[in-house]
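A.B. asks: Quick one: the structure is below, and I'll ask about it shortly.
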Amino acid sequence: ILKTLNSWFWWENIWMPVNVTWAHFVDRDGLVFPKPHQLYATIPYAFVLLIIRFFSERYVAIPLAKALGIKNVRRVKPQPNPVLESYFRECSKHPSQSEIQGLAKKCNCTAHLVEKWFRRRRNLEIPTVLRKFQEAFWRFSFYLTSSIAGFIFLYDKPWFYDIWQTWVGYPFQTLLPSQYWYYMAEISFYWSLLFTLGIDNKRKASGLYLLGSTFFSSSQDFLAHVVHHLAAIGLMSGSWCGNYVRLGTLVMFVHDTADFWLEAAKMFNYAHWEKTCNTLFIIFSIAFFITRIILFPFWILRATLYQPTYYSTTPVIAYFLFNGQLLILQGLHLYWGYLIFKILRRFIFLK
């Protein structure tokens, strides 16, 4: 069954133009092509990023937070109580008064002590401002680094200025070392976020927040993160296998260039630098509208939907799969842009 599914998945008609097979993608005559097995390296690279994250949060983010006036608040842990802990995890974090009375009898203590235990236990679930700052600092550091690296990798490439060049010579476009490391870093970053979902901060259920390229409702925080990270990894991995690397690097660059402004705004928000935070949020909003509402549909989507018809009269299945995902992403961009516009309107007119 696995062999059959594998042969179906790698069927040339899904990925390649007519009369092109996987055998054509053997390195030759100075041409180097992306290979699916290279994606396995993103797993160990993700652990390297986790090590870098640990040291950057500990030795850079914490001193920076202290310099900005953020203090590390230590919360009092409740006394170990297996009965209350079990009820907290399996039943309710906010027991009713009658439930508190029943738990008090079961634990042979007062209702006041039970209420106090649950209050302290709930407080442990709330991330400290310092912890939030550390995570925002890590995401800011990665998005800023990837944006700078992306610009360095792309600024001298002809397809950065002429989008038609993304299809010239396709699918026999050689893989550049810069493209390899750009892809490895981006995919590894999302793997690392996936690995740390269990220990990263849970966001408040009262709002929406932006991470990478997607807003999530935190009432379904964990599942939403899993779906988003896997979708991002799948889209990047698929573009790697189909050798849509030129377009893939442009998509990644367009998405990363707005995100570090938002993470910077969060950092200053945690430090209560209100004017700086507001200024950074306005810059983020401008960057978001330029990259996601203008450049992405009129530059990227134009290249993925319209231009391939000039190079092939029979679009492959991957054409519809990737463009379907990119169109859904653009629909989300419009929705997020509407939310950001509402925030800006309230910010400007209602203070």
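Cβ coordinates come from backbone N, Cα and C, glycine included.
Per TrEMBL, the feature transmembrane segment maps to 39-56, 136-155, 180-199, 280-300, 320-341. For 84-122, the entry in TrEMBL reads domain 'Homeobox'. Per TrEMBL, DNA-binding region is recorded for 86-123. Summarising the annotation, TrEMBL assigns domain 'TLC' to 131-349.
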A.B. asks: In the DNA-binding region (86-123), how many residues does DSSP call helix, how many strand, and how many coil?
C.D. replies: 29 helix, 0 strand, 9 coil
A.B. asks: State the residues, same chain only, that lie 6 or more residues beyond the ends of the transmembrane segment (180-199) and have a CB under 8 A from a CB inside it; answer 'none' if no residue qualifies.
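C.D. replies: Apart from its flanks, the transmembrane segment (180-199) reaches 34, 38-39, 41-43, 45-50, 53, 142, 146, 149-150, 153, 212, 222, 225-226, 229-230, 232-233, 236-237, 240, 245, 248-249, 252.
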A.B. asks: In the same chain, which residue numbers or ranges, 6 or more beyond the ends of the transmembrane segment (39-56), come under 8 angstroms Cβ to Cβ?
C.D. replies: 137-138, 141-142, 184-185, 187-189, 191-192, 195-196, 237, 240-241
